[in-house]
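These come from Swiss-Prot:
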- Thr198: active site (ACT_SITE)
- Arg199: active site (ACT_SITE)
- Asn200: active site (ACT_SITE)
- Gln197, Arg199, Ala295: sulfate binding site (BINDING)
- Gln197, Thr198, Arg199, Asn200, Gly291, Arg292, Asp293, His294, Val333: ATP binding site (BINDING)
- Asp433, Thr434, Val435, Arg436, Arg450, Ile476, Ala477, Arg514: 3'-phosphoadenylyl sulfate binding site (BINDING)
- 1-169: region 'N-terminal' (REGION)
- 170-393: region 'Catalytic' (REGION)
- 394-572: region 'Allosteric regulation domain' (REGION)
- His203: site 'Transition state stabilizer' (SITE)
- His206: site 'Transition state stabilizer' (SITE)
- Phe330: site 'Induces change in substrate recognition on ATP binding' (SITE)
Amino acid sequence: MANAPHGGVLKDLLARDAPRQAELAAEAESLPAVTLTERQLCDLELIMNGGFSPLEGFMNQADYDRVCEDNRLADGNVFSMPITLDASQEVIDEKKLQAASRITLRDFRDDRNLAILTIDDIYRPDKTKEAKLVFGGDPEHPAIVYLNNTVKEFYIGGKIEAVNKLNHYDYVALRYTPAELRVHFDKLGWSRVVAFQTRNPMHRAHRELTVRAARSRQANVLIHPVVGLTKPGDIDHFTRVRAYQALLPRYPNGMAVLGLLGLAMRMGGPREAIWHAIIRKNHGATHFIVGRDHAGPGSNSKGEDFYGPYDAQHAVEKYKDELGIEVVEFQMVTYLPDTDEYRPVDQVPAGVKTLNISGTELRRRLRSAHIPEWFSYPEVVKILRESNPPRATQGFTIFLTGYMNSGKDAIARALQVTLNQQGGRSVSLLLGDTVRHELSSELGFTREDRHTNIQRIAFVATELTRAGAAVIAAPIAPYEESRKFARDAVSQAGSFFLVHVATPLEHCEQSDKRGIYAAARRGEIKGFTGVDDPYETPEKADLVVDFSKQSVRSIVHEIILVLESQGFLERQ
């Protein structure tokens, strides 16, 4: 029999509200609607299907404050992660939202009405406190970056009534709700289930770890990977799920089941581990594996880890009696070539030879080198290689930034010709003036409009890069915020190289044959970069060149050398 849900009752709002679906759907059409973001959709789905039991909605201020301060809901139940619905003052005013208002929650992907929320309260969170207490306070932590840069200024708390399930079109048969997974376990006769959380591909070490955990508890295995929002730069879930499916037959017959979890991770380390344990308990698991640096985001720019390697294990251990799910603490396992076996690192005798492959080394080997079978299975490697083609066939973006008349356009055109001569991929050119004319003709030159212009360039560059093209963009891009946005966006699809064309302003003015700088100096043009609007020097350029001291040919050659050093120009 599956484990009891957290709080004693599975809050399956979809099943609870199904008899009233027609009535609720009709009402939802008449209410003010709030369109949810991708993260809010992930949260709503797990609220409605009971994955976040005992929650029945987005947290009001009483629940939010106590979760931040004490890892508990207002009623005393352990819960470690704030589940909140953020909204701007503009939306609150436009929709006339207040306590007791009923609003429709809508899916941004297809405009379907998913739920009705009855507002308990609207409150301004203390983001500084949330960042410190929940995530540790490091401003580089991805959840804190999201909190400070994306989350709106108010939270809306209230209970949910379910109208429609979210639509999914990928791996539908593997997207078990908690109730469905519990029924599945009962059909199989499973009474002890060890859940394994992952956001990465699984290799032999993971198989060995989970089999050891199951055998030590005389249990079965639930492979429960996250397919919602994970860490930027992670391998896409389509590739990962194919790899999990390929791995499944390597388990002893009947030992393991694969189910997908549409969770939006926060990478919250200790807090996240407690949250993950609650979610797996709600899905019927009796045991949960918490490994080294569970749900941690790695390290900051100084190389400092956000969390200690076993902080997550200690956090879950603290609440184990109240959580009602047994934590299986596992250290890393490593390969012993002399005996052809895996063992936990703390069980390896001193002096015994071990082998391992780091994530960085694996990425290198996926492109061109051999991956031994002791590390991963051939069928898994094949799938990963299909989604990680050699650098020579991948897309990339060269982003040139600098003052007007710094030489960006001449460099970009010459680079385009050079790359076309090399062959192997299509080459797209996004010059500043061309983009302004074709994509951003209605925009002015305020800071907001300039940022919007770069966002549009980044969108186009991202999609072209994803399709395997070489993209050369050459806007002025005077603001660090905009350049960082472009790097982050394109890096989801391929490689991004920022080239600072650091030609001095004096040279740009002196060689300006069109007289644009002179007109700006006379006050005829307002908001002109370098005259009455600043150019923020790039903090992390991949290459710095100077058109006043170098020729176009030498600059293009430097860029080509950067690409060649990264393997983008190797012949196949």
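A Cβ is built for glycine as well, from the same backbone N, Cα and C atoms used for every other residue.
Predicted, not measured: the structure shown is a model, and the values here were computed from it.
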Helix, strand or coil at Val333 (ATP binding site) [DSSP, three-state]: strand
DSSP three-state assignment (helix, strand or coil) for His206 (site 'Transition state stabilizer'): helix
Reduced DSSP assignment, Ala295 (sulfate binding site): coil
Alpha-carbon distance [Arg436 (3'-phosphoadenylyl sulfate binding site); Asp293 (ATP binding site)] in Å: 46
Same-chain residues at least 6 apart in sequence whose Cβ lies under 8 Å from Thr198 (active site): His206, Ile223, His224, Pro225, Val226
The one of Arg199, His206, Arg436, Arg514 whose CB sees the fewest other CB atoms within 10 Å, among these recorded positions: Arg514
Cα separation, Val333 (ATP binding site) to His203 (site 'Transition state stabilizer') (Å, whole number): 11
Proximal but sequence-remote residues of the same chain as Ala295 (sulfate binding site) (Cβ under 8 Å, at least 6 apart): Gln197, Met265, Arg266, Met267, Gly268, Gly269, Glu272, Ala273, His276, Ala312
Rounded Cα-Cα span from Phe330 (site 'Induces change in substrate recognition on ATP binding') to Arg514 (3'-phosphoadenylyl sulfate binding site), Å: 68
Of the recorded positions listed as Asn200, Phe330, Val333, the one whose CA lies nearest the CA of Thr434 (3'-phosphoadenylyl sulfate binding site): Asn200
Integer Cα-Cα distance in angstrom, Arg450 (3'-phosphoadenylyl sulfate binding site) to Arg199 (active site): 36
By Cα-Cα distance, the member of recorded positions Arg199, Arg436, Ile476, Ala477 nearest Phe330 (site 'Induces change in substrate recognition on ATP binding'): Arg199
Confidence summary for the region 'N-terminal' (1-169), mean pLDDT rounded: 97
Three-state secondary structure, which DSSP defines for Gln197 (sulfate binding site): coil
Distance from Arg199 (active site) back to Ile476 (3'-phosphoadenylyl sulfate binding site), taken between C-alpha atoms, in Å: 38
